[in-house]
Structures are given as C-alpha cells and as structure tokens.
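Student: Structure in structure tokens, see below.
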Amino acid sequence: MKFSWRNILLWSLPILVVSFFLWQGLFAPIANENNTNVANSRMTYGRFLEYIEMGWVKKVDLYENGHTAIIEAIGPELGNRIQKIRVELPVSAPELISKLKKNQIDLDAHPAKNNTAIWNLIGNLFFPLLLIISLALLFRRSNSATGGPGQAMSFGKSKALFQIEAKTGIVFDDVAGIDEAKEEFEEIVTFLKKPEYFTAVGAKIPRGILLIGPPGTGKTLLAKAIAGEANVPFFSISGSEFVEMFVGVGASRVRDLFKKAKENAPCIIFIDEIDAVGRQRGTGVGGGNDEREQTLNQLLTEMDGFEGNTGIIVVAATNRADILDSALLRPGRFDRQVNVDIPDFKGRLDILNVHAKNKKIDPNVSLSIIARRTPGFSGADLANLLNEAAILTARGRKNQITLQEVDKAIDRIIAGMEGTALIDSKSKRLIAYHEVGHAIIGTLLEDHENVQKVTLIPRGQARGLTWFTPSEDQSLISRSQIKARIMGALGGRATEQIVFGDSEITTGASNDLQQVTSMARQMVTRFGMSDIGPFSLENEDTNPFLGRGMGNLNEYSDEIAVKIDTQIKIIVEECHQKTLKIIKNNRVIIDKLVDVLIEKETIDGQEFRNIIKQYTEVPQKI
Ligand code: ADP
Ligand code: ZN
C-alpha cells in the first residue's frame, strides 16, 4: 500500500460528506421552523439588550441550546414593522432569561431535533475516520524515513540505517584540549590493534564507553580518532534516529547495526545522543514510550551478547548522563564514563593551533589572545571562528587572516549577525544611554569585568551592545562579583529611568532583567549567599521534560519558597538603589559619553575609560 495524493483524496471524501452534514445540522432546524423571512437580518447581543430595554422586542425563540435566538422586534431601525432578527448569544447569558421575564417578553426554547441524529452519525464515523487519518500519517512518515515509496512495510530493513566509514582519517593529533579523555582512549586503541596483550592475561576491555559533555566538545571527533588510530571501521548512528518510527523499527535497527558490526569486527560503533533511547524507562512527561523502551532493551541485549572480546567497542555520547537508565551504566555495558568538558584557556589554545594549521594567518595574530577572548567556546565554536575569519578574509580579498577578521568572527559567533546602525533619532539616543549605563557601571565597579567596547551597531536581537572582557577564571566567582554583575545589568534600565523618566522606560531591558533575576535567584538557592543561609535549594536545572527531573522540582516547603522570593527581592532592590545612585552622581559624564557614542557608534574600552578618567577616579570602591 502506498501513500499518494490520490489516497488522500479518497480518504478526504468522507470528511467532506461529514462536514456537509455538520453544517446542515447546525442550520437546518432554524431554517426549517422559521422559513418565513428569517435570519437575513442580524443584530449584536448588545443591541438586542438595548432593544429589550426600549420595549421593542416582542418575542424570543431560542435555538441550539440557547446559542442563537430569533427575535421578533419592532423599532425605528426596522421601519416600524415587526421583523425577525437573528442574534448570536454569548455562551453564558443567565441574566437574559430574567430580563425577558421582567419585561414580559414571550419566550420559547426549541430543542435541536435533527441534531441528535446528525451527532450519532458523526459519532459513528468518527473512529473509522480517525483510523484512516492516522494510517495516512503513519505511511507518510515511514515512507519519508525509509527513503522511498513501496518500502513502508519493510520496516528497518531498508537503506540509510547507519553510516559506515571504512577509514575515518582522523587521528589523535586532530583532537586537542581534552587530554584525559585522550589518554583513556589510547588504551582502547592498543586493545583494538593488539588484543592478544590483553587476552593473554585474562583482561577484559570495556565494551562500552560513555562520553559525557556539552555539544561541540569533540565527542564524535574523539570516537572517530579511535577508529582512525586503530585503523578499524566506524559505524555511527544517532539515538534520535532510532526512535521516530513504528514500534519495533528501532529494535530491528539495533539488531541490524550490531549484525553488520560483528561482520566487520574489530570496529567502533558510535551512538550519538544516546539519551534519546537510553532515558530512564517509564519516566518523563506522558509516561513511557514503548518504542524507546524496546529499542533500549534491544541495545542492552546486544551489548550483553558479545562473547568475550569480540573486538567491538561501543562509544556513546550524551550531554545528560543523569537521565540515563541505570541499566545502561551497569558493568559490561557503558561502565566507563569519560567527561569531555568545555576547554579551558590552554585547551582552547591547543584547539586553535590544530585548526590554524591549514589556514593562512597573519603572524601578528596571536592565537593566545584569541584563546583569552573566548572563554565558554567549545571546540566546534573555535573551529567555526577560524573558518568565519577565513571567509571574511576571502571576502575582503586579503591573503592573510588578520586580527580584524578574527574580532568580527568572534562578535558574530557570540552575538549574531551585524545589522546597520540606526539614524540619529530619539530611540538611538535612548539605546545609547542604555548601553552607556551598562558600561559606566561596569567601569566604575572594581569587581566588574572590564568594558571591551560599547557599540550602537545592532547584532542579532540586540540593538546596541556592551562587551566585557571575560576574566579567565570563571569557576570561582565571589559574592561581590555577582552583585557587580547584577548592578551592571541593571545599569541600562536605571539610566533610561533617570534620563527619560519613569514613564519612558522601554522593553529593551527585558533580557537584562532576566539575567538579573536569574543571578539573584542562584545567589539565594544555589550559592548560599543570602540571609536564608548556606543551603542548596535548587539544582542547576530542573527540567520537567526530561526523565528524572520530575520528582525533585520542589525540594523545599512553600514557606521556604516565600523566603526565597523575599531574599531575591532584597538583593535586586539593594543593587537597583545603588545603581540609580551611581547613575545620578555621574550624569554629566554619561551625557558626554552618549554624545561621543552617537557620533562614533563604537567606543573601545580603553577610550571609554580615558574619557571617564577625565572626570572621576576609576575604579571606585562603592
Ligand atoms: P560533539 O560530538 O561533542 O558534539 P564534534 O566532535 O562533532 O562535537 O565536534 C564538531 C567539530 O568541532 C569537530 O569536527 C572539530 O572540527 C571541532 N572540534 C570540537 N572539539 C574539538 C577538539 N577538542 N579538538 C579539535 N577540534 C574540535
Ligand atoms: Zn541592556
């Protein structure tokens, strides 16, 4: 059986027929019983009430369980003749009946006789229809997934089940910045190359290795490097590809995958996004998912089924190990876990070195400066950064990547595409004040990161931007540093408030306020930095849509919840007051900075500080 537009047409015929009945059902009773000059004229409910007040309504007939009324009325607008008019009544209009009674208007309600028959018919047709529609959808999905017509019934046996690379061509030298993970894998490579070393002494090599880390940190790359170094084939599939089909397809794919892998052993099987299949069974919103569970069970069975050292190593990747089914982590399955984290400064430098190898870069560009400017970047971000810079260089017809292109590329990756600046207008001034507000707080507060530049050139969603030079060590942040950040984030709105007045403040601060609230909340619930005391009350993220998170959404009582809100309010309130004070005290400098910013559109950090230093001391202890 095949899915085609002809079939859709065939199936949609009954739908058309039914909708015709439905339509008839709604209107037929009225038309039948009042076939004398009815329903052509209509009146709103409000006007109808006025007519009642004026005593112009003579008779009211209710239809459709009181949703529609045909009234007989006389009035100046109706040429002083009695006319029948149709009125749609609001769903609940209980006062109407008493009003009609009070005015002694003749009232009659008509049961919808024909309707019941129609509804019975629809009821009978509903389930067959539902079945037909869902079948249609299923066939369409299976066709698009298995790659062509005529294969709907062949389930998992069709093409494109998984990717096979006979030679990945990736070696360990292509992977940088994640040295511990690499060491772990060197042993695996030895095993794949010389299994006899291990079998001779009765050692068993782990069958499964779980790589845990955020996207883009090089998990796939690492798995490919093992295959490349050991010179064995690389089988890969993504967990999400297992689960979007008919029940049973995922499991059959797993079987196929392992069958092929066994024929090609030794080899590496790489399963990306394993959390898509391997989530805790029977949890998550909406209960269990049969398909996923069957797939997971099949995977477990296959992994248990390797006899001794078959030479197949399953490498799986996820960024959420905490939601995985514990059965997956048992010995003999994914019992080795390796964390792959966002690289630190040295890691970033190493990764940049790897990706700079095949690019022409101006010798004046220091990769370590780039590494310093990019905390939080993953390996993939860094690779992307150098590539963007190379593209910009080619576009500018230059023959070497200079610092200028690198800077542009960093900005684009962090904040999105650059737009064009506004022409001078009130909103440009407002944005300028807002940004200068962020920047001046950032400059005056000793505990705040330094301003790198302030710009009115829009980027991504932002209409103006203040950039700060990130400090390298983001792992330990003090209370006063967080407060300084909160004040910096409040600086934009506070300046709008003081310069333009309370009624002129804009929606431009919504993102800032989100950050403010989140930082204050974390101070209270995660870092023990409030009067509640040193308690951890919330996890980093509790996501109700993912497995285990469900249970521990509320680890505290309602009483504590109220206290948390109060503390957040106290922190933000205090920071807001201080911020307003700084802005008020520095109004003259702010006006000056705004003039410069409007004229130049971008001020870099050093220049910004120099201007401020002409007026006041930087930084200040506040
Ligand atoms: P993940 O699987 O963790 O999401 P990938 O391995 O797919 O990340 O990384 C995508 C790309 O980013 C890689 O092909 C590589 O170019 C680059 N990359 C990521 N991490 C590293 C790293 N540690 N060393 C070198 N390049 C990396
Ligand atoms: Zn802002």
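Just so you know, glycine gets a Cβ as well, placed from its N, Cα and C.
Predicted, not measured: the structure shown is a model, and the values here were computed from it.
For reference, TrEMBL lists these features for the protein:
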ACT_SITE  Glu435  active site
BINDING   Gly213, Pro214, Pro215, Gly216, Thr217, Gly218, Lys219, Thr220  ATP binding site
BINDING   His434, His438, Asp512  Zn(2+) binding site
DOMAIN    205-344  domain 'AAA+ ATPase'
SIGNAL    1-19  signal peptide
TRANSMEM  117-139  transmembrane segment
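Provide an account of the burial state, proximal residues and distances for the features listed.
Tutor: Glu435 (active site) carries a helical DSSP state (H, G or I). The Cβ of Glu435 (active site) lies under 8 Å from the Cβ of Val454, Thr455, Leu456, Gly464, Leu465, Thr466, Gly492, Leu597, each of which sits 6+ residues away along the same chain.
Taking a C-beta cut-off of under 8 angstroms and a sequence separation of 6 or more, Pro215 (ATP binding site) has the following same-chain neighbours: Asn319, Ser378, Ala380.
Spatially close to Asp512 (Zn(2+) binding site) yet at least six residues away along the chain are His438, Ala489, Leu490, Gly492, Arg493, judged by Cβ distances under 8 angstroms.
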Student: What three-state class does DSSP give Asp512 (Zn(2+) binding site)?
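Tutor: Helix, per DSSP.
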Student: Other residues near the Zn(2+) site, CB within 8 A of the CB centroid of His434, His438, Asp512?
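Tutor: Going along the sequence, the neighbours come out as Glu435, Gly437, Thr466, Ala489, Leu490, Gly491, Gly492, Arg493, Thr495, Gly508, Ala509.
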Student: Measuring CB to CB from His434 (Zn(2+) binding site), give everything in the same chain under 8 Å that is also at least six residues away in sequence.
Tutor: Gly464, Gly492, Arg493, Thr495, Glu496, Thr506, Gly508, Ala509
Student: Taking ligand 1 as the reference and 6 angstroms as the Cβ limit (strictly under), which recorded positions among Gly216, Gly218, Lys219, Glu435, Asp512 are close?
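Tutor: Gly216, Gly218, Lys219, in sequence order.
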Student: Among the binding-site residues Pro215, Lys219, Asp512, name every one whose Cβ is found under 6 angstroms from ligand 2, counting any of its atoms.
Tutor: Asp512
Student: Report, as a single number, how many Cβ atoms besides its own are within 10 Å of the Cβ of Thr217 (ATP binding site).
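Tutor: Thr217 (ATP binding site) is surrounded by 27 other Cβ atoms within 10 Å.
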